[in-house]
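Feature annotation from TrEMBL assigns domain 'Copper resistance protein D' to 48-150. Under the heading transmembrane segment, TrEMBL lists 12-32, 53-72, 84-103, 133-150.
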Amino acid sequence: MTPYSLAYTLHVLPALIWVGGMFFAWMILRPATVSELDTPARLKLWPEVFRRFFQWVWVAVVVLPLSGIGLLHLRFPSLETAPAYVHIMMGLYLVMLALFLRVQLLQLPQLRRAVELRDWPAGGAALGRIRRLVGFNLLIGLALVAIAAARPTF
Ligand code: HEM
C-alpha cells in the first residue's frame, strides 16, 4: 500500500460512515420509527441512536481533515495550487462540523433533558430541530461527495 492509497482509504472510509450514517438515519430509520413507535418510545430511542452514531462521527471528524491534509500534501505542491474543489471540500467540512457540534452540544442535551422529565412536547420539538439540522448536513455531505468525485474544474 502506498502512502497515497493509505491516506485515500483513511479519507473515504470516514466520509462513507458519516454521510452514509446520516442517510440511513434520515431516510430509513426515521420514517420506520414514525410508523411503528409511539412518541415516548421514539423520543427515548433517538438519544441512544445518536449516542452510538456520534462516537463514529467524532472519529470521522478527526480522521477526515488529517487524511485530507495528507492527501493534499501528497498530491499537490501547496494549498494554493490545489484545485477549487479541494478548497470547497475544506469549507463544506467546516460547515458540516459546525452543524454536528450544534446538534451534539446543544440540541442533544435538550432532547435528553426532555426525555428525563418525560416532557414529550419539548422532546418532540428538540427532535424536530435535530432532524432539520441532520437533514441539512446530509444534503451538504452528499453534495460534497459528488463534488469530490466529479472534480469539477472551474
Ligand atoms: C479538511 C477537510 C478536508 C480536506 C483537506 C480534504 C482533502 C481532500 C483531498 C486533497 C482529496 C484528493 C483530491 C484528488 O485526489 O483530486 C480528497 C478526496 C476526497 N474527499 Fe476530501 N477533504 C476534506 C474533507 C472531506 C469531507 C468532509 C468529505 C466527505 C464527507 C470528503 C470526501 C472526499 C472524497 C469522497 C474524496 C475522493 C474523491 C475521489 O477521488 O473520487 N472530504 N479530499
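First residue shown is number 1, and so on along the chain.
Every residue, even glycine, has its Cβ placed from backbone N, Cα and C.
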Long-range CB partners for the transmembrane segment (53-72) (under 8 A, at least six residues beyond its ends), listed in sequence order, are 3-4, 7-8, 10-11, 14-15, 17-18, 21, 25, 79, 82, 86, 89-90, 93, 97, 100, 104, 108
Kindly state the mean pLDDT of the domain 'Copper resistance protein D' (48-150) in the predicted structure.
-> 97
With DSSP helix as H/G/I and strand as E/B, how many residues of the domain 'Copper resistance protein D' (48-150) fall in helix, strand and coil?
-> 92 helix, 0 strand, 11 coil
